[in-house]
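Colleague: Got these off TrEMBL a minute ago, pasting:
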- GLY11, ALA12, GLY13, TYR14, VAL15, GLY16, ASP36, ARG41, GLU98, CYS209, PHE210, GLN211, LYS212, ARG279: NAD(+) binding site (BINDING)
- 94-98, 153-157, ARG193, 200-206, 271-272, ARG377: substrate binding site (BINDING)
- CYS209: active site, nucleophile (ACT_SITE)
- 265-382: domain 'UDP-glucose/GDP-mannose dehydrogenase C-terminal' (DOMAIN)
Amino acid sequence: MFQIKRICCIGAGYVGGPTCSVIAQMCPEITVTVVDVNESRIKAWNSDTLPIYEPGLKEVVESCRGRNLFFSTDIDSAIREADLVFISVLSNPEFLAEGTAVRDLKEPDRVLIGGDETAEGYRAIRALCAVYEHWVPKARIITTNTWSSELSKLAANAFLAQRISSINSISALCEATGADVEEVAKAIGMDQRIGSKFLKASVGFGGSCFQKDVLNLVYLCEALNLPEVASYWQQVIDMNEYQRRRFACRIIDCLFNTVTGKKIALLGFSFKKDTGDTRESSSIYISKYLMDEGAKLFIYDPKVLKEQIIHDLSQPSISEDNPERVSELVTVTSDPYEACQSAHALVICTEWDMFKELDYEKIYKKMLKPAFIFDGRRVLDHLHPHLQNIGFHIETIGKKVTATRIPYTPAAVCPRISATEPPTKKAKV
């Protein structure tokens, strides 16, 4: 059997970098070269400050970089010398979750390898299987044809996104009836046919994969004249947009129907904890809806750089083709207490563990009164009695915490956004 001794991976991003670093660590006899046209990214991979944050990744890279793991911009040489080139030889979709990517790579539920049903295709599949068999049990390595492999990837992410949208739809019903979505999720999750994973209500899913893969599935169904199937999966995206709008409208409603000129502290900008990735983060859209109403946002995230936040909020679809408003309405801080100073409200958009440990008495004293907390990730559930004793008015996803809201006279002008307004259908990809 042909043995792979040199691997080239094209793309040094969130997938290529971690995947090939783990392969290099687990297969010391194989030389792995990760190439990219982005010179600054390659320099970062070769430095002490990696271009992406992932728990455990730095230790993996440092254990084999310069031995059998290399990062380079010399793409032609790496391809020419490689026995296997990732992304161009086989279908080997990844099932990594950011924040746990290293663990997912070392202890995968399964490895999926698809290829052509030809003699050459079978040889290539077998060669790649041999690489993964260095540390993955054979029973967890699945081989299929190319179409099955690619559709399995799309379907897996579509099913996970569907579960999130499903529980988020129930969270709206819980708020209207007085139920607690966490209690509902626990009850239905104990049914072994359903299971408890991905039943965490929140401000919506983000990241590079879920929306992209669901929309790819929608596009594929439309192209193959399956409009009913396309509409079914499009609803998963629509519900995600609805949840974001609904949360933003709730903030505006509680702040006496206007946030114009009001300071709002937004804690968390990455799409989930333990990563610096902001792609399709719900924080971006919550920020957009609040900026549309003239709110002054003070944003803090422990891992996302200021430049990335400003870049994301300055995109034409977010800034309403007016990037200047970002400099007028957005301040990025390096300290969560600074973000909350003199704020009308504190909004948690990412479930960073550190937000559970903040000194909320200190924060309350520095905020304007009445002081509101909007917990979009249900990270403060255990603190509700304490926070209410301090004086906070608390609003969270899928549960009524405050029985009655502070009375106010509604403004004559309604907010520009509406929770019931149908979201704009995303462009096909």
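Using N, Cα and C of the backbone, Cβ positions are placed for all residues, glycine too.
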Colleague: Rounded to the nearest angstrom, how far is the Cα of the residue listed as 'active site, nucleophile' from the Cα of ALA97 (substrate binding site)?
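Modeller: Cα of ALA97 (substrate binding site) to Cα of the residue listed as 'active site, nucleophile' measures 10 Å after rounding.
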Colleague: Let me know the largest Cα to Cα distance in Å among the NAD(+)-binding residues GLY11, ALA12, GLY13, TYR14, VAL15, GLY16, ASP36, ARG41, GLU98, CYS209, PHE210, GLN211, LYS212, ARG279, as an integer.
Modeller: 25
Colleague: Select the most exposed residue of GLY11, GLY13, GLY204, where exposure means the fewest other Cβ atoms within 10 Å, treating these as the binding-site residues.
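Modeller: Candidates: the binding-site residues GLY11, GLY13, GLY204. Fewest Cβ atoms within 10 Å: GLY13.
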Colleague: Among the binding-site residues PHE210, PHE271, whose Cβ has the fewest other Cβ atoms within 10 Å?
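Modeller: Taking PHE210, PHE271 as the binding-site residues, the minimal 10 Å Cβ count falls on PHE210.
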Colleague: Relative to the Cβ position of ASP36 (NAD(+) binding site), how many further Cβ atoms are located within 10 Å?
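Modeller: Neighbour count, Cβ to Cβ under the 10 Å cut-off: 21.
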Colleague: Rank aside, I only need the closest one: which of the recorded positions GLY11, VAL15, CYS209 has its C-alpha nearest to that of LEU154 (substrate binding site)?
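Modeller: When the Cα distances are compared, CYS209 comes out closest.
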Colleague: Measuring CA to CA, name the entry from the recorded positions ASN157, GLY204, CYS209 that ends up nearest GLY13 (NAD(+) binding site).
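Modeller: Going through ASN157, GLY204, CYS209 one by one, the closest to GLY13 (NAD(+) binding site) is CYS209.
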Colleague: Of the binding-site residues ASN157, ALA201, PHE271, which one has its Cα closest to the Cα of PHE210 (NAD(+) binding site)?
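Modeller: Comparing Cα positions, the closest of these binding-site residues turns out to be ASN157.
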Colleague: Which one is it, among the recorded positions ASN157, ALA201, GLY204, CYS209, PHE271, that lies nearest to ASP36 (NAD(+) binding site) by Cα separation?
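Modeller: Smallest Cα separation from ASP36 (NAD(+) binding site) among ASN157, ALA201, GLY204, CYS209, PHE271: CYS209.
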Colleague: Give me the CA-CA distance between ASN157 (substrate binding site) and CYS209 (active site, nucleophile), in Å, as a whole number.
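Modeller: Computed Cα spacing between ASN157 (substrate binding site) and CYS209 (active site, nucleophile) is 7 Å.
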Colleague: Near ASN157 (substrate binding site), how many other Cβ atoms are within 10 Å of its Cβ?
Modeller: 22
Colleague: Pick the one among the binding-site residues VAL15, ALA97, ALA201 whose Cβ has the fewest other Cβ atoms within 10 Å in this structure.
Modeller: ALA97
Colleague: Note the mean pLDDT of the domain 'UDP-glucose/GDP-mannose dehydrogenase C-terminal' (265-382), expressed as a whole number.
Modeller: 97
Colleague: What's the most sparsely packed of the recorded positions LEU154, CYS209, counting other C-beta atoms within 10 A?
Modeller: LEU154
Colleague: Cα-Cα, whole number of Å: GLY11 (NAD(+) binding site) versus CYS209 (active site, nucleophile)?
Modeller: 16
